[in-house]
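Please read the structure below before turning to the comments.
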Amino acid sequence: MAARSSQDAVHAAPEVVSSSTTGNDAKADIAQVERVMSTTEDNMEKDHMNYDRVDQELAKYAHATRVVISPEENKRLKRMIDRRVLPIMVFTYFLQALDKGTMSFASIMGIRKDANLKNDYQYAWLTTCIYIAVLIVEYPTNWTIQRVPIAKYLGFNILAWSTTLALHSVCWNFPSLIAVRTLLGIFEAVCQPTFLVLSSMWYKREEQAEIVTYWYMMNGMQQIVGGLLAYCFTLIKSPPSPLRSWQAIFLTYGCFSVLWGIFVLYWLPDSPMRAKCFSEEDKALMVERVRSNQTGLQNKTFRAEQIKEALLDPQTWCYCLIAICTTLPTSGLGAFSQIIIKGFKFTTLQTQLLAMVLGVVIILTLLSSTWLVKKTNQNTLTMGLYVIPSFIGTIVLMTVRNHNKASQVGLLISYYIVLSFWAAQTLSMSLLSRNIAGQTKKTVVVAMNFISWATGNAIGPQVFLSRDAPRYFIAFSTHMGCYVLLVIVIAFLRWHLKKQNAMKDRLAEAGLREANDEHLVHAFDDLTDRENPNFRYIY
């Protein structure tokens, strides 16, 4: 057992017992669930952390019961984590968003003509193929994340997608672009699920919404930086330059990302237990710091019954529907952002610069929604509130014609406020990381969420039809349907989570000690959120 700070007050621990493993895993799991739910006098006397279910690497650092960490010590630990882990997540996501969004900027830099892309249908497939690839590899990727050194796996994939991005510069036809875009999707599939795991591994539940927002808002930052860089690359003229502007942007981004991948391999620790950059004492405290999450930290044991629970949990399908309802509009608006803005009768250079404003809107939306959640502790209500501007903006885009300067500006502003629904997407991901417990269950739910995310992203560009340009009435009508369904799902999710908490509160009132376990004895027992009576949902 690792040492603990003398400044920390430690609760008296219940008896610690490691029972021998007998029978198959399924029987052991059933016995564990029965033990947790038991209210017998014998169980009350012998309650303990079950080391047969706790990951062995984690068990070396986890205390038998909760260690109370002082606020000052907690701040010190969080600062250490923020310096080591958070910048990697934030900048890696920025690069991934920049790399993925480069095609949108290149679309008005001559690539469609040079690669002989005949229509918007072929161009749309350059985005759709990425997410079809994600659909195929998402579960294998999530399974791998849980079982290999996560930092090393992330670094390898950064190197792979960076090389693939650089290869875009030598593609001169539709088939070759489809090939590299598909490979890009395969390697970039690791990014978001890895960051959800890292967020729940290093940060407390009350911190995770903010952390997820920090890296997810890099979608907006890439619009700002990407717009500025795209403007600069647009100034490259061929001849005299041997490279076309779109070739230069792909090659530059790819080479820079390779260097970043090498740095990630060196700098990012795989887990608190493997962080050689921290002392043994601090590693133990970092493990104890996230005990209160009750979502686990690391466990490589496969538990089949958790798959069944994941599939039957209404919460799972709510997150999937939210992912589809938000990414379907997002991917279409993202892939066609330059084309839509240029369709408002702006020049190419004006369009590149106006994309920077779009990034500011996204960042302000995500930061303000996170601030509101932190202030009110109302996640689902905030999600619903931020869908309202999307309704208003979409209605304006569908009904107002561009006939003068005033309508041009009005349409542009309406397009900007449509993206307010991104707050729902970000908060949904943070709810998933905080409300799903059990490592096998979390693997399945995260995989299903990002399969849904990929499905929405794959469909999104396809509803923008060439014959419907420049107003894209069919696309925006589809988006309206998504917003309506999104509000219904958010309302149901809120009702469901409140109901589940009420049931567990009744168990606590009835005297079930595990439903009111201040010592958090079973926090690392790899119990699911339903198996653990002490778990309470955030909504």
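First residue shown is number 1, and so on along the chain.
Any Cβ shown, glycine's included, is placed from N, Cα and C.
Positions annotated as region 'Disordered' by TrEMBL: 1-23.
The domain 'Major facilitator superfamily (MFS) profile' annotation in TrEMBL covers 85-498.
Same-chain residues lying 6+ beyond the ends of the transmembrane segment (85-111) with a Cβ under 8 Å from its Cβ atoms: 117, 123, 126-127, 130, 154, 158, 161-162, 165, 168, 181, 184, 188, 191-192, 195, 198-199, 202, 211, 214-216, 218-219, 221-223, 225-227, 230, 233-234, 244-246, 249-250, 253-254, 256-257, 260, 264, 267-269, 334-339, 342, 348, 351-352, 355. If you look up TrEMBL, you'll see 85-111 (among others) marked as transmembrane segment.
If you look up TrEMBL, you'll see 123-141 (among others) marked as transmembrane segment.
Look at TrEMBL and you will find 153-170 (among others) tagged as transmembrane segment.
Taking Cβ pairs closer than 8 Å, the transmembrane segment (182-203) reaches residues 78, 81, 85, 89, 92-93, 96, 99-100, 129-134, 136-138, 141-142, 145-146, 150, 153-154, 157, 160-161, 164-165, 211-212, 215, 271-272, 286, 290, 293, 295, 297-298, 429-430, 432-434, 442, 446-447, 450, 453-454 in its own chain, all 6 or more past its ends. Taken from TrEMBL, the feature transmembrane segment covers 182-203 (among others).
Through the fold, the transmembrane segment (215-236) approaches residues 86, 89-94, 97-98, 101-102, 105, 109, 195, 243-246, 248-249, 252, 337, 348-349, 352-356, 358-363, 365-367, 422, 425-426, 429 of its own chain, all at least 6 residues removed from its boundaries and within a Cβ separation under 8 Å. The transmembrane segment annotation in TrEMBL covers 215-236 (among others).
The transmembrane segment annotation in TrEMBL covers 248-268 (among others).
Away from its own ends, the transmembrane segment (317-341) comes close to residues 101, 103-105, 107-108, 120, 123-124, 127, 131, 223, 351-352, 354-355, 358, 390, 412, 415, 418-419, 421-422, 424-425, 428, 431-432, 445, 448-461, 463-464, 469-470, 472, 475, 478-479, 482-483, 485-486, 489-490, 492-493, 496 of its chain (Cβ-Cβ under 8 Å, at least six residues beyond either end). Marked as transmembrane segment by TrEMBL: 317-341 (among others).
Annotation source TrEMBL lists transmembrane segment at 353-373 (among others).
The list of residues near the transmembrane segment (380-400) in space but at least 6 beyond its ends in sequence, with Cβ under 8 angstroms from a Cβ of it, reads 329, 365, 369, 372-373, 407, 410-411, 414-424, 427-428, 431, 471, 473, 476-477, 479-480, 483, 486-487, 490-491, 493-494, 497, 539. Annotation comment: TrEMBL describes 380-400 (among others) as transmembrane segment.
The transmembrane segment annotation in TrEMBL covers 412-432 (among others). Taking Cβ pairs closer than 8 Å, the transmembrane segment (412-432) reaches residues 192, 196, 199, 208-209, 211-213, 216-217, 219, 319, 322-323, 326-327, 329-330, 333, 340-341, 344, 354, 357-358, 361-362, 365-366, 368-370, 373, 379-380, 382-384, 386-390, 392-394, 396-397, 400, 445-446, 449, 479, 483, 486, 490, 538-539 in its own chain, all 6 or more past its ends.
If you look up TrEMBL, you'll see 444-465 (among others) marked as transmembrane segment. Sequence-distant contacts of the transmembrane segment (444-465), counting only residues of its own chain at least 6 positions beyond either end whose CB sits under 8 Å from a CB of the stretch, comprise 120-121, 124-125, 127-128, 130-132, 134-135, 138-139, 141-143, 189, 192-193, 196-197, 306-307, 310-311, 313, 315-316, 319-321, 323-336, 429, 432, 436, 472, 474-475, 478.
The transmembrane segment annotation in TrEMBL covers 471-493 (among others).
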Taking only the residues in the domain 'Major facilitator superfamily (MFS) profile' (85-498), give me the average pLDDT of this model.
87
